[in-house]
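In what follows, a single structure is set out as structure tokens and then discussed.
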């Protein structure tokens, strides 16, 4: 199990480096493949040995090797956060892989793990882009439907367990329709980018379970509301200020994936709706 977590964490560091490119280039309509990364000040191409996640930034002391222009600490932070996120996802979902008790089960578990690692990656990219630009680009959101559906469908077929896939399909539809209705009723407070992202989130929450779905869906509004209150009290915003909702949708979703089932069961027990 430790090996799975370590491998996932190392992969996350590498993916985090790539996400820095995605976060900068996708909103600008630039290719994420070419040209190679370069210093925005002097234009010097960044060599491979200066592109090692986190470590290169520390070795270079946060400066360009060629012109000594400061490099934002945001880059290694995103790499580190992605590494930690991938390790966390592996800790949550990697147990069947570590056991390797059955070939089909292990393959199915691997596909589920890959699907959720992909979701973790786009969560970080979309959250940062929404904070920067108040946009959730179709170039990231729309392909996420295909990737998630294909990987989770394959996992269900291989394991012959279709219940999670059915939940995922229903969850995707419910959350998409709910957000579409909110955007229709109050378009100033809910963008179509949020609507499209909601379907992706519903897919993963539904796969995880109905408790995770309920908690993850509502957590977004609770967390965003608390954040807005803090900003208003601190006089950093007012009731008319626009606050990106995408990051809170994604944070709420991951709260649901990680703790939603336990929180939901605890809530039911609190009100005597489930056996202790």
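Heads up, the Cβ atoms here are built off N, Cα and C, so glycines get one too.
Just so you know, TrEMBL annotations are computer predictions that nobody has curated.
Feature annotation from TrEMBL assigns domain 'Prepilin peptidase A24 N-terminal' to 11-90.
Per TrEMBL, transmembrane segment is recorded for 80-100 (among others).
Sequence annotations record features per position, and here TrEMBL assigns transmembrane segment to 107-128 (among others). Residues 8, 11-12, 15-16, 19, 22-23, 26, 78, 81-82, 85-86, 89-90, 92-97, 136-137, 140-141, 144, 147-148, 151-152, 154-156, 158-159, 161, 197, 200, 204, 207, 246-247, 250-251, 253-254, 257 of the same chain lie 6 or more positions beyond the ends of the transmembrane segment (107-128) yet place their CB under 8 Å from a CB of it.
What TrEMBL lists as domain 'Prepilin type IV endopeptidase peptidase' is 118-229.
Sequence-distant contacts of the transmembrane segment (140-158) (same chain, at least 6 residues past either end, Cβ-Cβ under 8 Å): 22, 26, 104, 107-109, 111-112, 114-115, 118-119, 122, 125-126, 129, 164-165, 168, 193, 196-197, 199-200, 203-204, 207. The annotation transmembrane segment is assigned in TrEMBL to 140-158 (among others).
According to TrEMBL, the feature transmembrane segment maps to 165-187 (among others).
The transmembrane segment annotation in TrEMBL covers 207-233 (among others).
As annotated by TrEMBL, transmembrane segment applies to 245-264 (among others).
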